[in-house]
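Shown next, in structure tokens, is the structure this report addresses.
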Amino acid sequence: MMELITELFDEDTTLPITNLNPKKKIPQIFSVHVDDAIEQPGFRLCTYTSGGDTNRDLKMGDKMMHIVPFTLTAKGSIAKLKGLGPSPINYINSVFTVAMQTMRQYKIDACMLRILKSKTAGQARQIQVIADRLIRSRSGGRYVLLKELWDYDKKYAYILIHRKNVSLEDIPGVPEISTELFTKVESKVGDVYINKDTGAQVTKNEAIAASIAQENDKRTDQAVIVKVKISRRAIAQSQSLESSRFESELFQKYESTAANFNKPATAPLIPEAEEMKIGINSLASKTKAAKIIAEGTANELHYDYKFFSKSEVDEVSEKIKDVIFNAIKNEPTTSIKCLEKYAAAVNQFFEEYKDNWLDKHNKTRKGQPDEVWGEITKNAWNAAKTKFLKRMIYSFSGIGAGPMIDITIACDGSKYTPSQKRGIREYCGSGYTDINNLLLGRYNPERYDVMSEKEIESAINNLDSAFENGDRIPEGITVYRAQSMTAPIYEALVKNKVFYFRNFVSTSLTPIIFGRFGITHAGIGLLEPEARNELTVDKNEEGITINPNEIRAYKENPEYVKVQIGWAIDGAHKVNVVYPGSLGIATEAEVILPRGLMVKVNKITDASNNDGTTSNNTKLIQAEVMTTEELTESVIYDGDRLMETGEVVAMTGDIEIEDRVDFASFVSSNVKQKVESSLGIIASCIDITNMPYKFVQG
């Protein structure tokens, strides 16, 4: 049976691995992406002081290496191993691929993995057999396994690899044969060892195996976890991967340099900065927007809803204009805060006409029982109000952002070099799909849209150069984009409150997520809680709704369920961006954020709704750009607290830092943002249906 297992095993089946501390000269802390669960197994490479429980990082000159498995939790912390995922054998294959590379590169003579048999899904022996085959096939006969260690312990499965031409007892870090367990006896055939408990004679390798197990049985994985340094960026990278991807050499090359473009801005402020601020903050532009919206709304309420006579249109228009202007006068017209206040005002004055609507609606009643008619009326009113609010927010999103479009049309991108302009034009044109697919690990050289791998490499290099030259937009500007995200990645985002963009991030200076490029599909997210709860369908701010007809597919493959996200991103002024202007499609008012960007999630709002068609799993996410200066790359965690309480407490030497540190709070701002309750109504106005794909891809 065991031979059959090894014959069926594909030794090329390795899983995606992320180095969780890229700063280390010798990579030694890794996560392994085994499936789409939000918790993933990982492993640490380390060494121990002889005979003790004290572990340390590998360094040049070490000859004995230990592999310690762990679990990377949804919050990005390290905990005791919970399991190896659905395929323990593929996990072991991936681990020993890294181990063999490390041993060869750093001339390590021995390596040992110890794993609880209870965590192997009953495949402990298969794992040992597979490891044996891998070592024999990949080491060219230079390394062998100490099989005498396989069955020594009922609790642990041991795998020890050592260089074939080096005696185990001569390797620093391998314990001497225990005099507590064995008596050494000289004989004509050499030294033999007698087991003190049984009196049986054993081979030297059996004595070494027993001594190794005796020493390591006393060691705890907890001691390894206590002071582990991990990179928050690397964790976010590992948890933003989808299961199906093509990790080419170029993917790995650009992944390794992504952090270079997340540094604090060095570019000068764009010449249009003051004009932008005036355009969205001036009372004149707000008065104009309020007047245009009010005139259109008054006519709609008269002609479409018949709420009042034609002679009253001008009076109602003036009233609506005052309501809107008073709501938005203190906020930039493209900000979430402005849209939120606008949505609350619109909702309020539409409610004033509810009695008019009910009078008309009740005339359509055809003898239904009161209970049935009440439910019909409630649903019809909610649908009518939802449609109205979505149209209103759609209109304001375009009109309020008008100055941004005019300014972008006049921008010529003259600061960029010819090669940088070429990269920008290729990206803003039809090349963005292939460019971002490569950065996302989705590019297939046999099936691409318009650009070959060589052309993509040139385009990315030109774009990277453009970001180094770069633009800096003024502070206080919100940029918008959308994204369709798989359920596992979204769940990791919810837990971590941080998201990592591998690709170049197309955003707009206008609130395009509320329907600029199509019919508004999700319009109720900006409302205050009472009104939002009346209109949303998921009733779930951060969670995912699985419809009954999706349950089976979701269980088989969690990536089946998608979450539609509208991003409202602040803080883009902190990093160099590319403002294409006329080098792109100027009416999109595009701002390209750099690849490798990390954002902190400040707020997630349920944007689901039903205006006749149900839209589940739509979220408005307010986020903030985090630079490398704001993001501490690694910390030392208190493993005792972590495993006992789930808290991730940072340590400095032997002194705990007082503030609790975890992925829900590590990037929290000094100033807590107060999110108005009417946010819900605007969130549900999110529409990514007909949006250009570059504003969605990710």
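Glycine is treated like the rest: Cβ placed from N, Cα and C.
In Swiss-Prot this protein carries:
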ACT_SITE  ARG481  active site
ACT_SITE  SER506  active site
ACT_SITE  GLU590  active site
DOMAIN    375-628  domain 'TR mART core'
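Locations of recorded Swiss-Prot features on the structure.
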residue: ARG481; record: active site; DSSP (3 states): strand
residue: SER506; record: active site; DSSP (3 states): strand
residue: GLU590; record: active site; DSSP (3 states): strand
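In this structure the C-alpha atoms belonging to GLU590 (active site) and SER506 (active site) are separated by 7 Å. The CA atom of SER506 (active site) is located 7 Å away from the CA atom of ARG481 (active site). The predicted model assigns the domain 'TR mART core' (375-628) a mean pLDDT of 87. In the shown protein chains, 29 other C-beta atoms lie within 10 A of the C-beta of GLU590 (active site).
The Cβ neighbour count for SER506 (active site), using a 10 Å radius and every protein chain shown, is 27.
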